[in-house]
Structure formats: C-alpha cells, structure tokens
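Asks: Dumping what TrEMBL says about this protein:
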- 13-73: domain 'NLE' (DOMAIN)
- 106-147: repeat 'WD' (REPEAT)
- 148-189: repeat 'WD' (REPEAT)
- 191-237: repeat 'WD' (REPEAT)
- 238-278: repeat 'WD' (REPEAT)
- 358-399: repeat 'WD' (REPEAT)
- 400-441: repeat 'WD' (REPEAT)
- 442-475: repeat 'WD' (REPEAT)
Amino acid sequence: MEVESEEEKVNNVLCQLADPEGSSLGAPMYLPQNVGPQQLQQIVNDLLNNEEKLPYAFYISNQELVVPIETYLQKHKVSVEKVLQIVYQPQAVFRIRPVNRCSATITGHSEAVLSVAFSPDGRQLASGSGDTTVRLWDLNTQTPMYTCTGHKNWVLCIAWSPDGKHLVSGSKAGELQCWDPQTGKPYGNPLIGHKKWITGISWEPVHLNAPCRRFVSSSKDGDARIWDILTRKCVICLSGHTLAVTCVKWGGDGVIYTGSQDCTIKIWETTQGKLIRELKGHGHWVNSLALSTEYVLRTGAFDHTGKQYSSPEEMKKVALERYNKMKGNAPERLVSGSDDFTMFLWEPAVSKHPKTRMTGHQQLVNHVYFSPDGLWVASASFDKSVKLWNGTTGKFVAAFRGHVGPVYQISWSADSRLILSGSKDSTLKVWDIRTQKLKQDLPGHADEVYAVDWSPDGEKVASGGKDRVLKLWMG
C-alpha cells in the first residue's frame, strides 16, 4: 500500500505556458493535475494582466486540452518527469453560427459561376461567370442588383478593394475591368496589357494607402502588373517568371508575392518593381499562396461589428491598428501549395528558406488559406480531403474526409472556428476545428461547386458552380 499513498501525493505537475510562437509566459509552475481549461484561462488572463478577460484554447502537443490535465496525461500516457508545455491560443470573442440551410437560390448567370466574393463589410456580393458578366447581388432581397457587361470572355477572378469602393474583374482574354459597386457601371474601358488570361488579383492594403488606388494582377503570360485605377494605367510590369504566374498576393508590409508554374515564388518591392527575393523548393507548379494576415488585409477597417467610416484617413488608421494587432511581433507568414502534393510554410522577411515542408496530401494542392486569426492553415486537394495545419509551425493537425470528389475552394468563418469547402461532388461542407469533424453537410447544387466564400461578418455563405446558380446559405 506504500506505493499507492505515494502516488496520491503526486498531484502536481510542472507546466510551462507558451504562446503559439513558442515564447514562454512566465516561469514553469506547479499546477494541480485536476486543473482544466477554465482554470488555465484564469491563469493566462492574470499573467497577461488582461483587464477584460479573454477566451483562450489550450494545446498539448497539438492536441486541444478539453479535459483536466490529469485525464489527458493518463489517456496519452504522458510522463510527468519533464516540464509539460501548454500552448495557449487566443480565441475570437464573438462566435459565428454555422450555416445550415440554403436561404436563396438565385438564377441569372447563363454559364457556370467561376468566382464569388463578398465585399469587405459583408454587405454586398459579386460573382464572375463563364457568361462574360460580373453580377452584383442585393443581399437583403436576395436578387440580382446589377449585371456588369463589357468582358469578351469568361470572368475568371474578381476582387474587392479593401475600402469596399471598387471591384476589379479579370477575364480569360487577359483584360481587366474596374467597376463601381454602387452603380454596376465600369470606370472607362478595360485595362489592357496582359497577353493571356488573368489568374489572380490582389489590392494594395488600405493601411498602406487610402483611398485604394492600386492593385496587382497575375497572368498566364508570365507577368504580374500593378495598375492605378485613377490614371487607368499599368504603372509597373513585374517580369521574371519563366512560366505562367498562377497566384499573387499584396502583403501587409508592402511587398508583392507571385507564385508560378516555374516552381518559384518571387517577392517584389512596389515602387520600382524590383525583385527582392526568390523562394525555391517546390518540385512542380505553385498553385496557391496564402498570407497569415490575409483576413485583415481583405477587410481593412471593417470588422464583425459593421462599423462604417466617413473618411479614407480614418479608415487607414483603423486598418493599420487592426493589421498591427493581428500581426503582433511576428513576421508575416506565407504558405504555398503545389502540384507536387506538398506545401511550404515561409517567413519571407526572415529567410529565403522554408520554415517547414508540409506533406500528407496524396494529390495536387488546389487552395491554401490561413484562418482570420492566422493560427491555422487549411488546404484543399484533388485527393478529396481538406487538411488542417498549425499556422505557426506548419505541423499537421487533422484531415477532414467526406467529400467524394476533388475539393476546389475553401473559406473560413470570421471567428476561425469553422472551415467551409466546395467540391466537384456538388456539395459544400462545414468542418469544426474544435471537434475536427464534419459540422454540416450542404447539398443542393446540381453540379460541381467551383467557388465559395464566407462573408467577413460571418452571417452568410455564397457558392457557385457549374449549375449556373448562386446559392446563399444562412445560420
């Protein structure tokens, strides 16, 4: 019986709290083994001197702690001889309801819907189609508001300026058109310069320049071009890739990232268009790029509260505050997804070498996307799965299986708790980060789903695809 009484006494375990970057919070401390997430929340809020108590989730070796430490240690047979590292992750203070029903099926496009995008404030929705039009939809009445005509070929991509004042679309013919979302009218003639189709569009962040004037486009012709919507001219041509540029992102620090079929990622400064750095490592085409700051870059000064702004100066100031708060002291992170089935996590400002190689997909990686809080990365693949990765370390966390066809596109809920995916199998699915399971199956489309977006305010989901209809989904 000696042994048992010895064991009963050992009810403290030496723990070290750390943030997602791995920085320790305070010194290691002895905690009773019956401590669970709620007590840990109290401890972290006290150690960080938070005036308003904030919600946190806790992880041990990438597994979320949802039970007392003792239960976790027994289940996973963890030794208490060593210091137990517990990583705390801040959670959104608001919650987004999972969408569970189709609230509207809107007809209008006469060919496949190839892209859908909510405006930064979540109040408007645009779609681009194979019928050569861009459509703007009224989300209150759930009917078409404007049909924007002028393109000569399929509209492959669309992008809202982060101040919500402009919408740009790019076509298979290589031309770009800027629209006024309030009227549905084009600003003058199309912007001509690219020789082949447009593969991506990204706006200069509003915290760097307000009102929004410049955006960058990438093309199958191997170039990326920076355009000024006021002068209606291409101001800089970024030439250097030897094959098609497949994706482009304008980063929060002012540089532009381009991914290409030449297997490289190039980083450009934007005053003269000089090449700053080249990221090499992929063995095949780079298909998709994602930035850890993407959500705040996309939404600028707008957040889930729906506040509107009276001046560009005010908008710029708030956007800069949001960007700095989101980024913290860490460098902007980039994830690339490739036809070689792998992904890389980079910190381009720090090194030209990848931080981690992320392997596990059995087919090409079609789309990668950081969660709004930058703590997770989701990836969609032709292997029919969506995978979840730690956004700081690049470590694999979970695989979501359920689609029976390739997954084309993914989107996140604003609170970083849910992932939405659209597939060739004609369904949308909502996945829960916490349980790592399917939260909602959303059938309804008659054919392949090419495009999905979750509105930045979290209220609605839009989807479009081969069946030519736009569907809106609500919670």
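Cβ from N, Cα, C; glycine included.
I'd like these features described in context: how deep, what's nearby, how far apart.
Replies: For the repeat 'WD' (106-147), the predicted model reports an average pLDDT of 94.
For the repeat 'WD' (148-189), the list of distant contacts is 111, 114-115, 117-121, 123-124, 126-130, 132-136, 195-203, 205-206, 210-212, 215, 217, 219-221, 227, 229, 232, 297-302, 312, 315, 319: same-chain residues at least six beyond its ends, Cβ to Cβ under 8 Å.
Beyond its flanks by at least six residues, the repeat 'WD' (238-278) meets 196, 199-205, 207-208, 214-226, 284-291, 293-294, 296-297, 323, 327, 332, 334, 336, 338, 346, 348-349, 352 of its own chain at Cβ-Cβ distances under 8 Å.
Long-range neighbours of the repeat 'WD' (358-399) within the same chain, counting only residues 6 or more positions beyond its ends whose Cβ lies under 8 Å from a Cβ of the stretch, are 20-22, 62, 89-90, 92, 284, 287-296, 326-327, 330, 333, 335-345, 405-412, 414-416, 419, 421, 423, 425, 429, 431, 433, 436.
Within the chain, the repeat 'WD' (400-441) has long-range Cβ neighbours (under 8 A, six or more residues past its boundaries) at 57, 64, 66, 91-92, 94-96, 98-100, 295, 304, 363, 366-367, 369-373, 375-376, 378-388, 447-454, 456-458, 461, 463, 465, 467, 473.
Packing against the repeat 'WD' (442-475) from elsewhere in the chain are residues 94, 96-118, 120-122, 125, 127, 129, 135, 137, 139, 142, 295, 298-299, 302-304, 306, 405, 408-415, 420-430: each is 6 or more residues past its ends and has a CB under 8 Å from a CB in it.
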Asks: Across the domain 'NLE' (13-73), what are the DSSP residue counts per state (helix, strand, coil)?
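Replies: Going through the domain 'NLE' (13-73) residue by residue, I get 16 helix, 18 strand, 27 coil.
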